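Trainee: My questions all concern the structure below.
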Number of protein chains: 2
Amino acid sequence: MKLYSYFRSSASYRVRIALNLKSLPYEYAAVHLLRGGGEQLSADYRRICPDGVVPSLVDGEAVLQQSLAIIEYLEETHPNPPLLPDTAVDRAYVRAIALQIACEIHPLNNLRVLKYLKHELGVSDEAKDAWYKHWLDNGFAVLEARLASDSRTGSFVYGDTPTMADLALVPQVFNALRFKVDLQPYPTIQRIYDEAMRHDAFVRASPEQQPDAE
Amino acid sequence: MKLYSYFRSSASYRVRIALNLKSLPYEYAAVHLLRGGGEQLSADYRRICPDGVVPSLVDGEAVLQQSLAIIEYLEETHPNPPLLPDTAVDRAYVRAIALQIACEIHPLNNLRVLKYLKHELGVSDEAKDAWYKHWLDNGFAVLEARLASDSRTGSFVYGDTPTMADLALVPQVFNALRFKVDLQPYPTIQRIYDEAMRHDAFVRASPEQQPDAE
C-alpha cells in the first residue's frame, strides 16, 4: 500500500495510526500542503486524487479517499485487531465520536478555512485564533462531558484498546496543542491522549516522526 | 424508533431518507433550532442528547447521534435494502462521497457557523453568502468531476439504487437551492437530485413534508 500524506494533516495522521495498529506496512508519499501553492493541487497529485486532498491510500488498483472511509476499508479488509466494537450500538457510539471530531471540529480548523478567514475575510490573527479556539472548545467540552460520564470509557475512548474514535481524537489533540489550546478543562481527553502516546503505533504515526516532518 | 429532528437540518434529512428507504416507521420529535435560542440546547433535549445537536435516534435503550453513524447502525440492524455496495472498495467509494459532503461542505455552511461569521466576526451578509457559495462550489466541483467520470455513476451516485452517498447529496442540494446557488455547473448532481425526487422515500423525507415545516 502507498499512503499520500502530509505530516501535519490530521486526516493523514488518523490513517497512519490505523495502518500501524493493524501492522500494515506502507510506502509513504509526502504531499506538501504549503509548498508551491499546495502540492495537493498539482497536476501530478491530481492524477492520483482529483479532489486534491490528503490522504489518499493506494491499495492495488484501488485509490481511496477520506480518512474515515479508508479506516472502514482497512477494518473490513484487515479486521485484526478490530478498531470497532462488537455490537451495533457500540459501533454507532464509537463512530459518532469519530464523526463529531471529523465533522464538527476539524473542518472548521483546517488550513484552507483558516486561510480563507485571513485572506478573503481579512480577519485578524487574534480573531482567527479565537475562531480556532471556539470550535475546538465547543467540541471538546461536549466530548469531555461524554467521556467523563459514559461507563464505556476506559484507558481509551471505548474500553482499554484503541478504536476509530481514538484515531480521530489523538490528531485533534495534537492539533490543539500546536495551537496552544489549554487542555486543563478536558482531563479525560488529556488522559486518553497521554495513554495513546505510550503506544508505539501512535508514536510512529505522529507528525514529527514522518519523513516530511519539518 | 423515535427521531429527534429539525425539518431543515441536513443531517436529520439524511436519516429520514434512510428510515424511509428501509421502511422503518418512526415517531417524529421536532427540535426547533431557532426558537427560544435553540431548542437543541434546552435542558429537556440535553437529557436525550447532551451534545445539543440533531438528529438523535432512539431505538429501545440506545440513543444514537451523528447522522452517518446512525445510518451505519440502520444498515447493520436492518440490512435490506442495502445502502452500501457489496465490495469493500466500492463501500469505501460510497462512504468517501458521503464524507466529502458531511466533512468538507456541510460543516462550513451550517447554521451555527453562519451565525458566528455574522455576530462574532461582523461579516456582511454579502461576504457570508460568498463564504457559503465558496465551500459549496469547491465541494460540488470536485464531486461533479468525479460523478461525471466514474463508471459507477448511474441514475444515483452508485448505480441505479440509492446509497449512503445519495442520502448525503440530496439534503446538500436542497440546502444549496435554498441559498440560491446556481447548479448549472453541476449537471450530474442536478440529474441525481431530480431522480431522487421522483422516489417516495426521498419526497417524504424532504423538509417541507415534515410536521415542523414552516
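Note that Cβ sites are derived from N, Cα and C of the backbone, with glycine treated the same way.
Keep in mind that this is a model prediction, so the values were computed, not measured.
Not my notes, these are from TrEMBL:
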- A:1-82: domain 'GST N-terminal' (DOMAIN)
- A:87-214: domain 'GST C-terminal' (DOMAIN)
Trainee: Do you know the mean pLDDT across the domain 'GST C-terminal' (A:87-214)?
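Mentor: For the domain 'GST C-terminal' (A:87-214), the model's average pLDDT rounds to 96.
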Trainee: How many helix, strand and coil residues does the domain 'GST N-terminal' (A:1-82) contain under DSSP?
Mentor: 35 helix, 16 strand, 31 coil
Trainee: So, by DSSP, how many helix, strand and coil residues make up the domain 'GST C-terminal' (A:87-214)?
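Mentor: Counting residues per DSSP class in the domain 'GST C-terminal' (A:87-214), I get 90 helix, 2 strand, 36 coil.
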